[in-house]
Amino acid sequence: MARTLKDLGEREAIRRLTAHLPAAAELVTGPGDDAAVARGDESSDWVFTTDPLIEDRHFASDTPPASIGHKAAGRALSDLAAMGADPKYIFVNTVAPADVPIETLEAVCRGITDLARTHGAVLAGGDLAEGDALALHVFAVGTLPRGSAVLRSGARPGDRIAVTGPLGGSFASGRHLNFTPRVDEGRFLRESGLAHAMIDLSDGLGTDLRHIAAASGTGATLFSERVPLHAGVDLNAALFEGEDYELLFCCPAEALEEIRVGWPGESAPVEIGVITEERTLSLVDASGARAPLEDRAWEHFRPEGPRP
């Protein structure tokens, strides 16, 4: 009997689909990171990422069109930021019902182009097709100096874990529609050469830290009282809800102060944990009690939790 996507869940389905992809000499980093990296010329690499944004899955049907465009571009730009890339181009394939007003799509495009322009990118093309619900399939391209991408796989035991801003409550507050992708911060961390690993926090702190640990062959310890939270938000929201779009990075303990001194963001990054040699993930509370960090990742095809 054939196994369905519901049987497998998102993560296992992706593993199955990518298990036998052919290798390419010019492909530096393929599936398994925030974006793919491919060789450019002698001094640069290309960075590529793609993301869908689907009505009633990633945004509600009454969402302002400009906010839909902002989120569509922001998600892709956040992936580029997690690699330390400079954004260059955005392409959008749009699916929409025939009765959608053209003014709605014009406003969506303005949301995309306004955010792209802020970060040095342009909307360079796309396509338009008819479908039952509004969906934007975004493809973004960036560049960086050859061999300088900050990957998920570089964390080392003893590295400090830090985040670029407060977490949690993104859906309830509406922040998932108007967040600022941390492009400047990601670029700074790449240029500093001090970050060993980095990821954008799209799936929740607990899940995305697990991605870093798995890619790096390490474990991690989080200190619950250090995790910065938005007002009125509890730790579980930061750990498991997702779509905060801050950056999580790992660096040597002695590098944190240097990073803070030159930091381009409004507030300095916050140290929240440490990478460990033992391949387990732990959460330490204010009393010093240690417990395993739950694996409660939200997955498509197994919709549980707070996402729309």
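Including glycine, each Cβ sits where the backbone N, Cα and C put it.
TrEMBL entries are annotated by machine, without manual review.
These figures come from a predicted structure and were not determined experimentally.
Taken together, the residues in the domain 'PurM-like N-terminal' (32-143) have a mean pLDDT of 98 on the 0 to 100 scale. Taken from TrEMBL, the feature domain 'PurM-like N-terminal' applies to 32-143.
Note: Asp34 (Mg(2+) 4 binding site) has non-local neighbours Thr49, Ser78, Asp79, Leu80, Ala82, Met83, Arg152, Ile199, Asp200, i.e. same-chain residues 6+ apart with C-beta under 8 A of its own C-beta. According to its DSSP assignment, Asp34 (Mg(2+) 4 binding site) is coil. Residues or ranges marked as Mg(2+) 4 binding site in TrEMBL: Asp34, Thr49, Asp79.
Counting Cβ atoms from all protein chains shown, Asp200 (Mg(2+) 3 binding site) has 25 others lying within 10 Å of its own Cβ. The Mg(2+) 3 binding site annotation in TrEMBL covers Asp34, Asp79, Asp200.
Counting only same-chain residues six or more apart in sequence, the Cβ atoms lying under 8 angstroms from the Cβ of Asp127 (Mg(2+) 1 binding site) belong to Asn93, Thr94. The Mg(2+) 1 binding site annotation in TrEMBL covers Thr50, Asp51, Asp127.
Positions annotated as Mg(2+) 2 binding site by TrEMBL: Asp51, Asp79. DSSP gives Asp79 (Mg(2+) 4 binding site) a helix state. For Asp79 (Mg(2+) 4 binding site), the Cβ neighbour count at a 10 Å cut-off comes to 29, with all displayed protein chains included.
Marked as substrate binding site by TrEMBL: His58, Glu243, Trp298. Its Cβ placed at the centre, Glu243 (substrate binding site) has 21 other Cβ atoms within 10 Å.
Counting only same-chain residues at least 6 apart in sequence, those with a Cβ under 8 Å from the Cβ of Gly126 (ATP binding site) are Phe91, Val92, Asn93, Thr94. Annotation source TrEMBL lists ATP binding site at Gly126, Asp127, Arg152, Ser202.
Per TrEMBL, domain 'PurM-like C-terminal' is recorded for 182-284.
Summarising the annotation, TrEMBL assigns Mg(2+) 5 binding site to Asp203. When secondary structure is read from DSSP and collapsed to three states, Asp203 (Mg(2+) 5 binding site) falls in the coil class.
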Other residues, Cβ within 8 Å of Asp34, Thr49, Asp79 Cβ centroid (Mg(2+) 4 site): Asp33, Ala35, Val47, Asp51, Ala76, Ser78, Leu80, Ala82, Met83, Ala140, Asp200
Cα within 10 Å of Asp203 (Mg(2+) 5 binding site) - qualifying binding-site residues among Thr50, Asp51, His58: none
For substrate, whose listed binding residues are His58, Glu243, Trp298, the greatest C-alpha pairwise distance in Å: 13
Alpha-carbon distance [Asp51 (Mg(2+) 1 binding site); His58 (substrate binding site)] in Å: 11
Nearest-integer angstrom distance between the alpha carbons (Cα) of Glu243 (substrate binding site) and Asp51 (Mg(2+) 1 binding site): 13
Least Cβ-crowded entry, counting other Cβ within 10 Å, from the binding-site residues listed as Thr49, Thr50: Thr50
Euclidean distance between Cα atoms of Ser202 (ATP binding site) and Thr50 (Mg(2+) 1 binding site), Å: 14
